[in-house]
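**Student:** Below are the structure tokens for one structure; questions will follow.
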Amino acid sequence: MIVTTAMEQMLMQVLNKAAEVYGLKPQTEVSVVLSDDEYIHQLNRQYRNKDAPTDVLSFAMNDQCAGESEPDITDTPDDIEILLGDIVISLETTARQAEEFNHSLERELAYLTVHGMLHLLGYDHEVEAERTEMRQEEEYVLSLLGITREQ
């Protein structure tokens, strides 16, 4: 699948909006890798012991950001770069899920980007209460960009 300029611009809008909502400073860095199923399958097997491709993986650079505790990265001095982490999204799985959920590839990609960003910020969905909170946050950020489930 070819990554278009429009997709790149949309990813930047989503990441910037999430950064704004969660009070991240401009020097915060997030890396996004758009991959195929084969690559994300390898990562999923290596880091999560799951022998299958998945839609999105997040790798926090700081264990505190991955849920160990609640860091206040908004207090970081302006001259220090904040490496939040990496988000890897399988475009093949994204396309399948968009079709399955009956919405656009762009909407699914935006959703997975917010989902990955929230994981980097310490959100999780292991139990129902966490899942509900995370879904609300995802939909809130997307709604600020005018991205709805119907798209």
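Here the Cβ of each residue, glycine as well, is placed from N, Cα and C on the backbone.
Values in this document were obtained by computation on a predicted structure and should not be read as measured data.
Pasting the relevant annotations from TrEMBL:
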BINDING   H115, H119, H125  Zn(2+) binding site
**Student:** Would you please pick out, from the binding-site residues H119, H125, the one with the fewest other Cβ atoms within 10 Å of its Cβ?
**Tutor:** H125
**Student:** If you take the centroid of the Cβ atoms of H115, H119, H125, the listed Zn(2+) site, which other residues of that chain have their Cβ within 8 Å of it?
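**Tutor:** The answer, listed by sequence position, is V56, S58, G116, L118, Y123, D124, M134, E138.
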**Student:** Tell me the Cβ neighbour count for H115 (Zn(2+) binding site), meaning other Cβ atoms within 10 Å of its Cβ, over all protein chains shown.
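**Tutor:** Here the count is 21.
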